[in-house]
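For 59-68, 227-248, the entry in TrEMBL reads compositional bias 'Polar residues'. Annotation source TrEMBL lists region 'Disordered' at 59-80, 223-266. Here TrEMBL flags 53-107, 108-161 as repeat 'RCC1'.
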Amino acid sequence: AVLEEGEDDRSASVTEYTVSPLTEHVRRTHTTPFVIKSIACGAAHTLVLAQDGRLFSTGSNQHGQLGRSTPRERSPDPELASVSCMPSERIASIACGYFCSFAITVEGELWAWGDNRYGQLGIPSTHSETVLEPVMVSISPTFKVKQVSSGYAHTSVLSRQQNQLASTGNNQHGQLGTGDRVSLDGGWTLLQSTVPIEEVSCGNWVTILLTIPGDVFQAGVGPSPISEPTLQQDGTEAVSISEQSSSAMEEDTDTLPLLTVLGNSP
């Protein structure tokens, strides 16, 4: 079972609306019991990964973020529905952007679906602005994915070697960490790190990196106008960005000094 608290009619935990949370937890069940491994939430949708690798989704499907073959404003009921169009490869982890979804297989492959108006899925928006079913996204032949995080219109992906980052999508605030404000509509910019990266986390218009030594760097809407990821604090064990915290950062940074741009991947 899943216990949730928040805006019940959208089945989401993060929205652009101001809502009054439910005063009691709501218990959600599924017709066939399963053990939950992880849960990810976007602006108006939720993904649930089962311990056995099955993937379920619920909430709004206006941008195809539920991985169903037909888009609709929301799922027909609050029950979790299987994302049956995923391949047979076992899913290791999941993530949600604002209106899009991602899954990483145990082999390190990246699958993406949902909103692609800014190329944030790593697919040119001219090819498709809405991806209704999961598609495998290739970054480079040797790039195996450890983690993915996505904001409103951009995405950052960390390699298993933890020394490379790939970014794509909107870059109007420098959130791709490339040292400029040039957006990338599909395809990927590959960046090499001088220190191993533990975790990447994206807010709406910002990207935060946590290094293994424990330093935190940010690029995008932040407290100072710098064009590279900038050291913010040290000794941090984990980092995550909420819609509220990223929107409170009022100025832009667009370069992360620990990253070197290697070039663009087709």
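Cβ from N, Cα, C; glycine included.
Remote same-chain residues near the compositional bias 'Polar residues' (59-68) are listed as 10-12, 42-46, 74-75, 81, 83, 85-86, 96, 99-101, 113-115, 130-134 (criterion: CB distance under 8 Å, separation of at least six residues from the stretch ends). Mean per-residue pLDDT, taken over the repeat 'RCC1' (53-107), amounts to 84. For the compositional bias 'Polar residues' (59-68), the DSSP-based tally of helix, strand and coil residues reads 0 helix, 2 strand, 8 coil.
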